[in-house]
Amino acid sequence: MGAIRKENVTGLIFAGGKATRMGGANKALLRMNGRPLIAWVAESLQSQTSRLVISANRDPEAFKAFSPDIVQDRTESFPGPLAALDAAYAAGIIHTEWVLTAPCDAPWLPKNLLERFAQAQEQALRDGRDPNAFVAETSGHYQSAVACVRTECLRLARASIEADERRLRYWYKTLNAEAVPFPDEGAFANLNTREELEAASRDGKIFFGHS
């Protein structure tokens, strides 16, 4: 199977959630230091991938400033990131062998995500393994929304949604995924409330807990 490298990877940003802790606002478009949250994530992924796709269920036109390729869930109940993976697969919009995923509310993601996932793949192949996904891990905890997944495996997301098993952690187990440790837990911090967003704008990079 193909190697994880920039030209063989599409970025996918999860921006289709309800954002209930943000009062239902379209979180991806809220601003940190004058820029929409999604702008920080898009900048990071665009530097590491060949193309960017955004999963957005509200205000899709507003996201075209960051990518012309927008997908919307095929399920109306906002079932989470698995629905975004399912939608991207169903749209036939991804033509690379791998997908690098990230949430819209993590503005400090490492600049070496793809490099670390590629190194993990190389090591796995040397050891006789060929995982279908690599998931970021910090302090023994999955950062479940940040992963590199074989595109062909996205078709399996639908079965999990229909079985009402929508947790990424469970889905990764079905893919024989491997965890890839990162040293900086704060780099994966999510901004889930307006208070956190205000604190981040005021104080910069802060750690808010496990995602």
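Counting starts with 1 at the first residue shown.
Any Cβ shown, glycine's included, is placed from N, Cα and C.
Any TrEMBL annotation is an automated prediction that lacks curation.
In this structure, D105 (GTP binding site) belongs to neither helix nor strand by DSSP; it is coil. Sequence-distant neighbours of D105 (GTP binding site) (same chain, six or more apart, CB under 8 Å from its CB) are K27, A28, L37, V41, N190, L191, N192, listed in sequence order. Positions annotated as GTP binding site by TrEMBL: F14, A15, G16, K27, D73, D105.
For D105, the entry in TrEMBL reads Mg(2+) binding site.
TrEMBL lists 11-173 with the feature domain 'MobA-like NTP transferase'.
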Local backbone state of K27 (GTP binding site), from DSSP in three classes: helix
Secondary structure at D73 (GTP binding site), reduced by DSSP to three states: coil
Neighbour tally for A15 (GTP binding site), based on other Cβ positions within 10 Å of its Cβ: 31
Secondary structure at A15 (GTP binding site), reduced by DSSP to three states: coil
